[in-house]
């Protein structure tokens, strides 16, 4: 009963649109060590460090997230001479984290397990920092289905390899199924930003999230391959018919976890190739670099529009 009272008291301070983990144990912890970020509620003043965060952008590559931070600093007029954007997670090599104004950039590594660990600690960080009205957006790369390389996909729905809008995981030996619905209005806002820019094709479509880059995505070029080219083509064509326009390995856990905690969440990924035409990413390096900047430009435009509409980042 004592734990319930502490939990209720703590939640009274996190009402409205404040970030709220679904785990009641978080509210009763004397100290919360965010181990993989090398942060703790007892050693860091999280509200002072992160309380003004309104946008969290996550992506697989540490280098890409650092580049996005520098890009946003320029876009927001915060790139004054000598400005530095240190890695907040410098005490660990698991993830990187950068902050400029109300924008937090965090790497999540490759795949669902790495992303899940990051999200657990990110959501708790936002809770402890008393952040409110936070929008989370994944900016990344993917394989397209029926799209020209360089197209940007705004995810309508994250689906699994069976084309179902769910994320499944084993908890205490039992299968637990989570919904993976994304914010439709946010997706439409992002699509409008693509229309505003008119710099590259931007489409709204379902994203298939798999647990593997090779066999899990029907590639023929991995160390193992248990199917034929005909099998692969039929599977990808069925995916396209189901509204799937790209494949990656993180969207479902992002949608499930952020959605469960009431966070507005979206996924914006560029396609590096058309999987109906091949398996290997073989475009020139400079072309791939430019492709990877496209989601950053779209999301950067979105953030600037949101801030301009609010007049002040704290009014969002």
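Please read every residue number as a count from 1 along the shown chain.
Cβ atoms are placed via backbone N, Cα and C, with glycine included.
According to TrEMBL, the region 'Disordered' annotation covers 1-23. The feature domain 'Nucleoside phosphorylase' is assigned by TrEMBL to 54-304. Among the features that TrEMBL reports, phosphate binding site is placed at 94, 138, 139, 140, 141. The feature substrate binding site is assigned by TrEMBL to 217, 219.
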What is the total of other Cβ atoms whose distance to the Cβ of residue 138 (phosphate binding site) is within 10 Å? 27
Cβ proximity for residue 141 (phosphate binding site), under 8 A, sequence spacing 6+, ordered by residue number, returns 60, 248, 269, 270, 271, 272, 291, 292
Let me know the model's mean pLDDT on the domain 'Nucleoside phosphorylase' (54-304). 97
Including all protein chains shown, what's the count of other C-beta atoms within 10 A of the C-beta of residue 219 (substrate binding site)? 18
Look up residue 219 (substrate binding site) in the DSSP assignment and reduce it to helix, strand or coil. coil
Give me the Cα-Cα distance between residue 219 (substrate binding site) and residue 140 (phosphate binding site), rounded to a whole Å. 20
Write out the long-range same-chain contacts of residue 139 (phosphate binding site), meaning residues 6 or more apart in sequence whose Cβ is under 8 Å from its Cβ. 57, 58, 59, 64, 68, 268, 269, 295, 296, 299
